[in-house]
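Note sheet for the following structure.
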Amino acid sequence: MPCKDLGNLPILLVDDEAQLLHSASLVLRSAGFAQVLTLDDSRAVLTLLANRPVGVIVLDLTMPHLSGKALLEQITAEYPEIPVIMMTATNDLQTAVLCMRSGASDYLLKPVEQSCLVAAVRRAVEGRVLRAEFLSLKDRLLTNSPHEPGGFADIVTQSPAMFAIFRYIEAIAASPQPVLITGETGAGKELIARALHRASGRPGDLVAVNVAGLDDTLFSDTLFGHAKGSFTGAERARDGLLASTGEGTLFLDEIGDLSIASQVKLLRLLQDGSFYPIGADRPRQSRARIVVATHCDVRRQVELGTFRKDLYFRLRTHHIQLPPLRERREDLPQLTLHFVEKAADSLGKPAPSVPPALFQWLHNYAFPGNIRELEGMAFDAVARSQGAVLSLQSFKEAIADQAPINADGDVMDGMTALSGNFPECLPTLKEAEESLIAEALQRAQGNQGVAAGLLGISRQALNKRLIRRDAENF
Ligand SMILES: Nc1ncnc2c1ncn2[C@@H]1O[C@H](COP(=O)(O)OP(=O)(O)OP(=O)(O)O)[C@@H](O)[C@H]1O
């Protein structure tokens, strides 16, 4: 069975007390477990398991005919993947240890508090899904099997790092747990969130909310809604976006900007799926999957005390770190052509051809705005192009102001870049000029137009310097 369905399997309650079965079943249903099965005869359990899949079993220890302990041993031998939670009226450490040794996943003392029952069942379901995902992930990583390309069709890439992310997404797609997507601005975090939602096969849509700039009241109202009359102007009740997300995916962008008060509410939502519309006395339940994204260094924010540690660890149950564009330069040609075609299409023009020299220019640019910046440049260039060949003016303008990058891909200012080449003593002006020209020509793979652009001079000016240099060296 695919891991994505494991979280929806029925919960089986087994106890010879009919009243307990009834009340526990009600508690679990109202906590959001859609299917709860009950059996008051332990002898019927194995037959039921042989005929239908079950997610988690809650088993009483002391029952007539076949004791919970004997049944536990049979279940763990035949169905080791099903977590079994034992319930017992005896507060006896030795019994608890014996049950855990026989394979029980948890141990509850009767009378069981409602919240403890719900928490234990939720833990067991999550544990089972995570174990299945882990095995699936391990399998994929070990076999390096290719990802299913269909769901990622709108992500243009040929980068091995991105393919590894696609495989990870497939492995975690079915998990109900939250996902944290980090990466620089414009690197494609929202696109990845959408691919994750598609891969999850969840019913419903992905609902995206940018939480930057939302104060706590606006955050609560937007997500959780409000009850009628809860504040001045609340003439009608309003369902928030969480309710309209249903079982789909709620994508919270710019999560690093969330206020501390809203962080507490988000944590509660992640812990037990509950939330309070503004002015409501009773919590509501959500089955949406929460995916968040940020360009901030959240770990640093945790150190500074501006982001809750418990929320951070909860959010990063699954974590996708998107590499910036300058660390996947192999994608530049394909992405450029893709955006040129897209721009031409939306502007109703035939797509101009792209001069190969452009790729040399782009190769040396750091792209602080990542793919969004490349997309913008391509659109501007197509709009400016009059003939059959793409105008390079937009690219030149952006790249002329560029910050250089070192071998590790880190952005440097021009002075740092230059002094890094002459650590011991300063070169003469002539030596510096020659060295810069040689470096630019090498980066431009001999193309003088591109090299001149990198040096911020015209092609004619570079040509003059080269002629002078050759004459001097003759
Ligand atoms: N690999 C890709 N292939 C095609 N288009 C892409 C790719 N990555 C990003 N884009 C496009 O680049 C733009 C920016 O992407 P997106 O909005 O997903 O970035 P982001 O990381 O969420 O940005 P921000 O941090 O500002 O929220 C979008 O128009 C998106 O469609």
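From the backbone N, Cα and C atoms, a Cβ is placed for every residue, glycine too.
As recorded in TrEMBL, the features of this protein are as follows:
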- 10-125: domain 'Response regulatory' (DOMAIN)
- Asp60: 4-aspartylphosphate (MOD_RES)
- 155-383: domain 'Sigma-54 factor interaction' (DOMAIN)
*Intrachain C-beta neighbours of the residue listed as '4-aspartylphosphate', sequence separation six or more, cut-off 8 angstroms*: Val14, Asp15, Asp16, Glu17, Leu20, Ser42, Gly68, Met86, Met87, Thr88
_Rounded mean pLDDT for the residues that make up the domain 'Sigma-54 factor interaction' (155-383)_ = 92
*Could you count the residues of the domain 'Response regulatory' (10-125) that DSSP puts in helix, in strand and in coil?*
55 helix, 22 strand, 39 coil
